Amino acid sequence: MNYFEHHLDCLESHGFGKWRPAFEELLQHLWFQSKDGNLPRFLNVLQQIPAVPDVTCQLNQDWVAITSEQMTPSLSETIGQQLKKLMPWRKGPFHVFDHSIDAEWRCDLKWNRVMPFLSDLRHRKVLDVGSGNGYYGFRMLAAGAATVTGIDPSYLSVCQFLALNCFVQTHRLNVLPMTLEQLPANMEFWDTVFSMGVLYHRRSPFDHLTDLKATLKPGGELVLETLVVEGDEKTVLVPESRYAMMNNIYFLPSSKALESWLRKAGFVNVRTVEESYTSTQEQKHSDWKPGTSLPDYLHPNTKHITVEGLPAPRRAILIANKPLENTKLPRYHIKPASVPSE
Ligand SMILES: Nc1ncnc2c1ncn2[C@@H]1O[C@H](C[S@+](CC[C@H]([NH3+])C(=O)[O-])CC(=O)[O-])[C@@H](O)[C@H]1O
């Protein structure tokens with residue numbers, strides 16, 4: 001079954017035709033010919049999800065909700081069993097009929113911090129880089145976006161989205177199994193691009209910022225959310241070893257440093273709109289993601305530092321625009337050194 005075709009049709013009706021062949025080739029390689037050992041198991045789950053009549057969706061509330069008056073105990077039990085086979089659920093929360101997926105992350109808290117600062121999403125084409133299972137994508141659709149394309153290399157995240165979309169059945173939103181770096185160069189297609197929770201996973205933050213800029217239309221809006229540390233424009237933490245038990249964390253700048261990185265990468269109108277420490281209400285233990293979570297990553301005696309003795313997770317939201325015209329670097333006229341007279 002081709003889970004992505006209708007979304008590509010939808011994008012094509014918004015002027016995407018030029019890039020469609022490149023996306024189809026990528027999907028062929030990354031999905032249809034994938035050798036990932038878990039994918040067949042996830043696809044099997046999707047095939048076991050039963051059709052449900054008369055589904056109603058409420059995407060504009062903290063718990064994204066899918067309901068049906070026609071739900072029966074046996075249908076509900078089958079759905080619950082299949083959703084559990086797609087654990088761990090890191091992102092949520094969702095009500096799916098009788099099942100409350102209170103995932104590890106309360107993404108609604110981040111969305112409520114981001115949302116007030118966004119340019120009106122109505123009629124915009126949105127790219128969500130590192131979208132996870134599409135929780136934010138559903139909220140963006142509810143905010144009026146014309147299309148939302150999530151990209152995420154995690155097959156589990158893609159399949160969680162596809163499982164939810166068995167009921168929601170939207171073509172305007174999808175999560176495609178690819179990374180930002182795999183997109184065609186200089187697409188300049190999207191009106192708003194989100195990169196939330198991705199920059200600190202990248203070894204080369206400037207390449208990430210430049211790649212994000214290349215996906216945006218001139219004048220388009222970047223929404224960047226990432227881990228930061230307190231400090232001035234010269235402050236950057238590069239954890240030598242683990243950070244909050246994660247071993248794939250590279251650059252944690254201050255928000256002032258990040259602003260200057262964005263300007264250096266060619267963005268304009270750069271501003272930090274929100275900054276706060278991550279609470280243990282936002283990232284928490286969950287039956288839907290067994291194992292450890294933020295309470296275990298913080299120092300047992302003081303919550304201001306991680307178990308490694310580094311500053312506790314703090315996140316900033318920055319907004320910036322791609323210039324309307326590609327500004328060229330200024331030319332410097334270097335005066336020839338004056339020759340000392342004899
Ligand atoms: N190069 C890449 N390109 C695209 N996706 C990537 C890449 N590298 C990693 N990812 C994906 O980015 C997501 C990062 S989680 C943030 C989720 C959501 N945005 C959130 O803001 O809660 C981090 C967190 O929860 O801290 C994962 O789903 C990765 O697979």
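The count begins at 1 with the first shown residue.
Backbone N, Cα and C define each Cβ position, glycine as well.
Annotated in TrEMBL:
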BINDING   Lys91, Trp105, Lys110, Gly130, Asp152, Pro153, Ser154, Leu180, Glu181, Met196, Tyr200, Arg315  carboxy-S-adenosyl-L-methionine binding site
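Residues Lys91, Trp105, Lys110, Gly130, Asp152, Pro153, Ser154, Leu180, Glu181, Met196, Tyr200, Arg315 are listed as the carboxy-S-adenosyl-L-methionine binders, and the farthest two of them sit 26 Å apart at their Cα atoms. Around Tyr200 (carboxy-S-adenosyl-L-methionine binding site), the C-beta neighbours below 8 angstroms that are at least 6 residues distant in the chain are Thr226, Leu227, Ile249, Tyr250, Phe251, Leu252. Under 8 Å, Cβ to Cβ, and six or more positions away along its own chain, Lys91 (carboxy-S-adenosyl-L-methionine binding site) finds Ala103, Glu104, Trp105, Cys107, Gly132, Asn133, Tyr135, Ser157. Sequence-distant neighbours of Asp152 (carboxy-S-adenosyl-L-methionine binding site) (same chain, 6+ apart, CB under 8 A from its CB) are Gly130, Ser131, Gly132, Val158, Val175, Leu176, Pro177. Taking all protein chains in view, 15 other C-beta atoms sit within 10 angstroms of the C-beta of Ser154 (carboxy-S-adenosyl-L-methionine binding site). Following the DSSP three-state reduction, the secondary structure of Ser154 (carboxy-S-adenosyl-L-methionine binding site) is coil. Residue density at Lys110 (carboxy-S-adenosyl-L-methionine binding site): 22 other Cβ atoms are found within 10 A of its Cβ, drawing on all protein chains shown. Sequence-distant contacts of Glu181 (carboxy-S-adenosyl-L-methionine binding site), defined as residues of its own chain at least six apart whose C-beta falls under 8 angstroms from its C-beta, comprise Asp207, Asp211. Lys110 (carboxy-S-adenosyl-L-methionine binding site) carries a helical DSSP state (H, G or I).
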